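Visitor: Quick paste from TrEMBL:
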type	residues	note
SIGNAL	1-24	signal peptide
DOMAIN	70-203	domain 'L,D-TPase catalytic'
ACT_SITE	HIS164	active site, proton donor/acceptor
ACT_SITE	CYS172	active site, nucleophile
Amino acid sequence: MRSRILRYLLVVATTILVSTAANAQTAVSNFSFIEYQKSFPRPNDAWKRKEDTLMKQFQEKGLEWPARFMYLRSFKFDSKLEVWVKAARGDKFKLFKTYKVCALAGTLGPKRMKGDYQVPEGFYYINEFNPRSNYHLSLGLNYPNASDRILSDSLAPGGDIYIHGSCVTTGCIPITDQQIEELYILATHARSQGQDFIPVHIFPIDFNSAKSTDYLARYLKDFPEYRAMADKLKQAFLYFDRTQQIPVVMTTRKGSYEVEGDVPPPPVQEVKVVKKRAPRVVKEYAGEIANVVNNLPVYPGGSQAFQEFIDKVGKDMAAYLEEDQRKAYIMVEFVIDSTGKNHAVKVIKGGNDELNFHLAEAFEKMPAWAPAIRQDQKVAVKLKQSIYVEKEGSK
């Protein structure tokens, strides 16, 4: 009887322990990485301030919120940090935002020892989320990586490399507090959806910038030993630039990087045949034009109506800006005769042939004005009007 009671108690105790363990495991799994981060004051405040804004910005750019995958590219000489995102593994990355890096210590080239104030160069990932950073919030990088452990000082390679706020640095990547809050939220969302290793690639320069490549060329004349590494970094940069997919990068036994796969050739630029519009024939006004008048001519509806006409024409003409034209300041000259009709419309400054043709055409279709007055007589007068044309979203 006693042994039967003991067996019963053992079964009950085991059941309680298993049940407790299962409940504890469920509680832990239900407590997400996002909730854990929001349990700290600074991330929690950042969420309240920033998440709605980020959601709207994603929507405006046609991106799926929140991003499941995230990729960061930093450029030392250009002092910028790019944020790329995508929703599915097979998708191409799309650029979400570029942050200005406040300041970067050191020069071009990798970090090789503790205290050299160098920002690393190479291929890293985020391995730490610090909600209590001395620099507001911070995301730690896995420096030294496999290459650094081979090539850097074996006893003191350095460490504690972060992307952080507060705009100060001693070898890290500093951005503003507002920016690190956004980045922290984006990275937390990606981490919570399974991206355990958010890649961060640090390049010496933006290889698409002529100014930056010129600087690198001058730098390599003084430090030719850096060329081999710079070439590998450029190869990885171009691979992503042309595929919007992250390259596979390996480390050799000697510590150098090897980028797997060939860099696709640059896209063939389509040669656009631009049809030149025949010069517009302007018939000069043959009558007398007054140099001084008592009253200037008046557009139908007054100055407010004329301003509305100018604004509409400016918006309509944006369609005729050339590909390399984001905006244009244009000056139009025309004559309003003594009956209020316009003559001799010509563009005297700015624009392009196609735009100027349509702009002059729009002015020729203006309704009759109230003519200018000189000494109680209706007279002709020459007017000049500036027009500002800008492509949508170019500000």
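Note that Cβ sites are derived from N, Cα and C of the backbone, with glycine treated the same way.
Are these features on the surface or tucked inside, and what touches them?
Guide: All protein chains considered, the CB of HIS164 (active site, proton donor/acceptor) has 25 other CB atoms within 10 Å.
CYS172 (active site, nucleophile) carries neither a helix nor a strand DSSP state and counts as coil.
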Visitor: Tell me the residue counts in helix, strand and coil for the domain 'L,D-TPase catalytic' (70-203), as DSSP assigns them.
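Guide: For that range the per-state counts are 22 helix, 44 strand, 68 coil.
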Visitor: Cα of HIS164 (active site, proton donor/acceptor) to Cα of CYS172 (active site, nucleophile): how many Å, rounded?
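Guide: About 8 Å separates the two Cα atoms.
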Visitor: Please give me the CB contact count at 10 A for CYS172 (active site, nucleophile), counting all chains in the structure.
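Guide: The Cβ of CYS172 (active site, nucleophile) has 23 Cβ neighbours within 10 Å.
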